[in-house]
Amino acid sequence: MEKSGETNGYLDSAPAGAAERGAPGSGGARRCAGFLRRHALVLLTVSAVLAGAGLGAALRGLGLSRTQVAYLAFPGEMLLRMLRMIILPLVVCSLVSGAASLDASSLGRLGGIAVAYFGLTTLGASALAVALAFIVKPGSGAQTLQSSDLGLEDSGSPPAPKETVDSFLDLARPQFLWLASTCELTAGSFFSCSQYATDYREVIHNTSSGNVTHEKIPIGTEIEGMNILGLVLFALVLGVALKKLGSEGEELIRFFNAFNEATMVLVSWIMWYVPVGIMFLVGSKILEMKDIIVLVTSLGKYIFTSILGHFIHGGIVLPLIYFVFTRKNPFKFLLGLVTPFATAFATCSSSATLPSMMKCIEENNGVDKRISRFILPIGATVNMDGAAIFQCVAAVFIAQLNNVELKAGQIFTILVTATASSVGAAGVPAGGVLTIAIILEAIGLPTHDLSLILAVDWIVDRTTTVVNVEGDALGAGILHHLNQKAMKKGEQELTEVKVEAVPNCKSEEETSPLVTHQNPAGPAASAPELESKESVL
């Protein structure tokens with residue numbers, strides 16, 4: 001009977017296994033469906049970029065008016081407004097909660113590593129860009145170009161020249177006047193944050209000798225745009241202050257943590273609209289182009305040099321740095337960030353990419369929330385590797401355009417100024433162009449040729465933004481790895497202490513005169529003895 005039961009059991013289980021083996025396609029279909037479900041957003045985003053390019057190319061022959069193109073770009077404009085809406089609460093809450101969740105030593109250590117990483121990678125990107133510009137010589141043969149022959153009809157006017165000292169002071173002033181002067185309640189929005197900028201007023205003086213002198217006096221003005229750098233500094237200081245309060249600041253810390261989680265829920269909803277917005281952004285931008293053939297043939301060497309620098313730095317240098325520190329495959333790490341990269345390519349805004357980058361780097365790559373929400377907002381503000389490459393190539397391009405041979409001192413000035421000015425570059429489309437004027441003024445070059453850069457910025461700015469956000473993401477990955485390594489080392493040291501303590505305790509028990517007559521059977525056997533002794537007593 002037992003044998004029969006075993007046989008029946010075997011026969012009963014055979015059809016199930018045979019059925020599984022008989023339907024090999026079902027397992028593959030389930031795996032395929034699971035893959036599509038897990039990577040649906042990535043596939044939709046990449047498809048949206050391709051569909052947008054096809055849509056723009058197909059509609060170019062219809063000769064749409066500027067009004068019709070503006071209507072076509074409306075879904076993309078809505079995406080940009082959604083992302084900008086979420087930036088302010090995301091930056092403030094994530095940095096406050098991140099700074100409050102780290103102790104002082106961890107905050108100082110991670111902050112020091114982050115500053116060193118951002119500074120060295122930006123300086124290296126600037127050096128790479130200058131070397132490529134001298135090798136390729138993008139400005140040779142382009143001395144007769146006019147901006148009206150190249151790009152968009154409304155490419156804009158170059159920024160007014162500004163003194164180098166005032167340009168750097170403009171980066172420092174808003175950081176400590178943020179609450180006082182740059183955020184105010186308005187009827188049109190909940191918070192309207194602007195940036196401080198120096199303008200000039202010319203004053204004419206008549207001397208007693210009849211001579212007329214002109215004096216340029218700097219005056220403070222406010223320009224449109226969110227002061228992200230001031231937000232970052234304020235949120236970090238507030239988080240550290242709340243941590244310092246101890247139990248009194250716990251309620252406010254919990255409030256910021258809850259606010260941050262609610263903001264990330266909003267981000268997850270917005271992410272499903274990203275493919276739609278990206279498709280119309282790319283399509284409308286292609287429709288706004290004049291003549292791509294004239295554009296590429298006229299400024300092709302400049303565009304090629306900038307994109308080549310972005311490719312080398314983003315495809316070789318940054319992944320190599322990540323591999324050296326973590327000994328992990330950097331491209332597997334970057335593969336989980338396809339959606340933020342596509343968003344960066346379409347929006348040309350590292351600030352607008354911040355919400356999707358936070359979500360993907362935490363969910364797809366498993367980076368600690370304390371690390372990502374502490375380092376990514378800072379990186380989106382101060383880490384501009386792509387912008388440094390773009391600015392250095394543009395500076396050398398304009399020098400070659402004006403037949404100016406740069407000397408060693410001017411090259412050093414370009415490197416230092418590009419590294420410093422990229423920290424204050426706005427994380428918005430064409431934000432890096434405004435900081436090129438600082439470099440040109442520092443080395444004594446005219447700024448009127450910036451109109452050529454503005455005409456083609458919409459092409460170069462896409463790869464610029466992708467490299468910017470890639471540097472932020474890999475920096476967060478490196479910090480996460482170093483933090484995990486430090487935590488494991490601390491746990492290992494703690495375990496070693498405990499292992500050493502066990503034999504010492506055991507030896508004390510064996511040599512103690514109080515336990516010399518203990519029952520050899522152990523604690524379980526000695527329990528009745530204790531009970532009997534208590535009863536005797």
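FYI, residue positions are counted from 1 along the chain as it appears here.
Backbone N, Cα and C define each Cβ position, glycine as well.
Features of the protein shown, as given by TrEMBL:
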COMPBIAS  13-24  compositional bias 'Low complexity'
REGION    1-24  region 'Disordered'
REGION    502-537  region 'Disordered'
TRANSMEM  40-62  transmembrane segment
TRANSMEM  83-102  transmembrane segment
TRANSMEM  114-136  transmembrane segment
TRANSMEM  225-242  transmembrane segment
TRANSMEM  262-282  transmembrane segment
TRANSMEM  302-325  transmembrane segment
TRANSMEM  331-354  transmembrane segment
TRANSMEM  374-399  transmembrane segment
TRANSMEM  411-440  transmembrane segment
**Message:** Can you work out which residues elsewhere in the same chain, 6+ from the ends of the transmembrane segment (83-102), have a Cβ less than 8 Å from its Cβ atoms?
**Reply:** 110, 191, 193, 226, 228, 231-232, 234-236, 238-240, 242-243, 249, 253, 256-257, 259-260, 263-264, 266-267, 270, 347, 349, 351-355, 358, 369-371, 373-374, 376-378
**Request:** Check the transmembrane segment (40-62) against each of 114-136, 262-282, 302-325, 331-354, 374-399 and return whichever range has the most CB pairs under 8 Å.
**Result:** 262-282
**Prompt:** Does the chain bring the transmembrane segment (374-399) near the transmembrane segment (262-282), so that three or more CB pairs sit under 8 Å (pairs 6 or more apart in sequence)?
**Reply:** no
**Complete:** If you count CB pairs under 8 A between the transmembrane segment (262-282) and each of 114-136, 302-325, 331-354, the winner is 331-354
